[in-house]
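First up is the structure itself, then whatever we jot down about it.
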């Protein structure tokens, strides 16, 4: 892989952007260990990718004057990332009282690993700077080789546990966005495990006198990039996805509010009293929507005595002839009944209270969602359905009834 600095830093930025999604939660709950685990995992992932870039390696080595000092920095960050990921899952899956002892054991074990990495690097004292092939170049040196294998094994163990536990949790997670995020985290952990396996194979090949360096310099970095991007997206998805769904729902409700206007306006014109004089604040959209639904229902009730009993059956017949069925047909029938009632009221015509066909449309639950969808369909049919228009025309000018056949068959011969 030619200089991957740009790609590494893009991944680092992605991790820190995901961290930005999580920081407000940490700010609200600063004593929540799970939130600390999520934020530390994303912080460490971004830092590891940032310092793993060849340009960052060169500058870090140059500024400290220690050849390859970037290696223990990056490898310790990766090892800390492994334990942080495990702590995250521990706090996700268990209550704090149960998770804390497990977390402390893992912190103790990986602290020992970090100390061992520093000691092994110092004992190995690698003098030749290697920015992209450090692992294979020093694979056969005793202390530095052990340093390399230790960090890869420690990271592989953490990623294996992470993938297994997250996969099990994703199978039973109830919230869709959480389930998708967990699956991405699991896929990212599998890629990280592949990163470790590729590097270990390249190191083992050097021990056997073979050259599989491409696994170290080409395959492993690609897996690291893909895995980190998937993990960062997975950590951000439960929060970002819920916000996206909420924005989409709000947009749909605003469209529904506008779609109700033709029906609401006709009912308001027919019965102005359904609209209270007090105005609703423009910024309180949910209150405006609730009020529009209430005013439409009040208008429907106010027109009951003006509903032509023939309007419903006529619209049903015309709708069935047009191929309509189910909810679409019911909406057209209700729209035709309301249009006929508006016209009848304008002409001061009334009908017996028990003569109108009752609406059979789905009104929905207490949250008003089903009612909103239903009245939107009625409003759209009221404004634009050719069946509603044809029903109004037929009611205004009904077809002539056929006269009785005056044939001799209807007369008895004397």
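The backbone N, Cα and C atoms fix where each Cβ goes, and this holds for glycine too.
According to TrEMBL, the protein has these features:
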- 394-414: compositional bias 'Basic and acidic residues' (COMPBIAS)
- 252-383: domain 'DUF6545' (DOMAIN)
- 389-414: region 'Disordered' (REGION)
- 6-24: transmembrane segment (TRANSMEM)
- 36-57: transmembrane segment (TRANSMEM)
- 69-91: transmembrane segment (TRANSMEM)
- 103-123: transmembrane segment (TRANSMEM)
- 143-163: transmembrane segment (TRANSMEM)
- 184-207: transmembrane segment (TRANSMEM)
- 219-240: transmembrane segment (TRANSMEM)
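For the transmembrane segment (36-57), the neighbouring stretch richest in Cβ pairs under 8 Å, chosen from 6-24, 103-123, 143-163, 184-207, 219-240, is 6-24. Remote same-chain partners of the transmembrane segment (6-24), defined as residues 6 or more beyond its termini with a Cβ less than 8 Å from a stretch Cβ, comprise 35, 38-39, 42-43, 45-47, 49-50, 52-53, 56, 224-225, 228-229, 231-233, 235-236, 239-240. Helix first, then strand, then coil: DSSP counts for the domain 'DUF6545' (252-383) stand at 89 helix, 0 strand, 43 coil.
Sequence-distant contacts of the transmembrane segment (219-240) (same chain, at least 6 residues past either end, Cβ-Cβ under 8 Å): 1, 4, 7-8, 11, 14-15, 17-18, 21-22, 25, 38, 41-42, 45, 49, 52, 175, 177-178, 180-192, 194-195, 198-199, 202. Taken as a whole, the domain 'DUF6545' (252-383) shows an average pLDDT of 86 in this prediction.
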